[in-house]
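Step one of this worksheet: look at the structure below.
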């Protein structure tokens, strides 16, 4: 009680090891504000689920403090933490009806029968399953089970709700629908949510902020647009959205920008200096496909080079072109399907270019 | 519906599948034959012995047919006595009459000597009237009750074995009556058998459930070791396992010695733990435990740990989460294990015979006694039939309330 609302949940120097030899979570620090939707995003084995389990109380932190609402919860048992949780496979109790599932957290809190009935009814209506109370979970579709799981995690009005890849088992359309639904529930209730997923589009859609995990370390913690447009290292640039990489050597630094000699050719390009060692060090240039321009004007785009078209894929609103640029044969550009664009041909050599601020020099 | 060439679709389908069906049947056939020959037929045969009654009917055919006309009031007429003498003479000659004597003695004590002495006398009888002569030989022939008994037992099938197995009998008037309280053996024994089986089942649940839980939840390396320890008894002879308990539990045994040495009890106060009910319960629980653990384990293996975590995250303390969420999902395993252990223990024989003493005997020991010692196979068959009926009733009750399709054996 009485914690700072900007620090509703805090991880302070949290480390976790299962075998005493390797750290699964290396040094995790984050402050989550009350009412925030924070996503932990990362490939499997990156430590994101472990962090969630430590917050829920199913794993003990090897080192560091986890603080909830101003109090350390390291030694609080899971059932006393008052944290709602949605599991990967929903974990709806198969021997209880939907209504009994929802009533379970209220019953163990010894609420009165009438209050339980009222809350269960309201929770079912919130997820649009008003008439399904007497069914068993097995009689529901995947999406409906998902909604019940969400309703069950919210019905006892916890201040914090954790979700562990809750949409992983759903098909694509349903997943997108549920993303919006969960987002709207979050907005309506103002509850703090911590969400774990390996699906970057899911993370971008729903989150206020995203923590990108890799190898037990948070690579970047930022809002979705910052992550996409201003990735701080090569992993984040590659993990979030589509990305072209060019390797090179740092030649010189001029304020915020720098000059990089490309490895595959002898061209020199200018890029934003984001995350590089000193002059002479290797660097990875990151350019988003949609920021690459065909046949650029020389004065507008200082960075120009030649590219050979390797493959063209027609996608309706744009054409995806795979090109070889400076030895990298996986350089993707998106050519908008506008009325006056010049059709590309396979094998053709074209000029491409990009703005200096769209090219970020990152760690090698 | 027809196929393209006009044949009915169902016919074509059957023809197309015939080859597969024949193969399937051929694969099953050896086992089917084996079970039929070694199991179904003997069980049926044994059950039949519980109701068939060929002795009087076959060995005394003339008396049997002569008695058909008798109404059971007063003494039968001369022709019946003539038929009796003729049957006794024939039976004495063929040495078969002893079977009749034994059979009738089951129903009424003393009938053996009545029949055997009458047969010896009848051998010398040349001509009638036989009625007075027979009554003179043995006064039993002047008692209508004797004749009612013979008439009743001359039917080819009888309920008297089943009645005996239920501690009832036909009284002198031919009505069904329970034996006096102090002479009842089988009903109390059936009740004891059921109670002991239920107790063994309960012990198996209490001891087996935690073990199965560990087996299902420990890391593979440790749980494999544990599994071997559970299965180890399976690989040891039943006899060895049972006699080990004698070594441990007898009054000069390891456990009593230990307790005396620790001054928990004094040397005179050694506890009798074997050759009684306790011995049977301990040894049977030990031997049947794997049959509880294995079905439980296979069910628990399918319950994901996330259910318990979900329950805890919803605010249930570990005990409530376990009782309200975990245990209900293992009910089918408890049911399967209980059914298995209960049915196995209801017919258990060797262990009670070795460590049961007097008070630890079960109904199967009685069946074995009648098979091997008293040679009353009819009664043995009737007891076996009753046991089979009890098991089938329990099975159907289980099926009705829990559902046999819920059983998972592994």
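Yeah, the Cβs are placed from backbone N, Cα and C, and that goes for glycine too.
Any TrEMBL annotation is an automated prediction that lacks curation.
If you look up TrEMBL, you'll see B:190-398 marked as domain 'ABC transmembrane type-1'. Taken from TrEMBL, the feature transmembrane segment applies to B:22-44, B:193-216, B:222-240, B:280-300, B:306-327, B:334-355, B:375-398.
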Select the range from B:22-44, B:222-240, B:306-327, B:334-355, B:375-398 that forms the most Cβ-Cβ pairs under 8 Å with the transmembrane segment (B:193-216). B:334-355
Cβ contacts under 8 Å made by the transmembrane segment (B:222-240) with residues that lie 6+ beyond its boundaries: 211, 214-216, 286-287, 289-290, 293-294, 350-351, 354
Cβ-Cβ under 8 Å with the transmembrane segment (B:334-355): same-chain residues at least 6 beyond its ends: 193-194, 196-198, 200-201, 204-205, 208-209, 238-239, 242-243, 245-246, 249, 274-275, 279-280, 283-284, 287-288, 291-296, 299, 361-365, 368, 387, 390-391, 394-395, 398, 402, 406-409
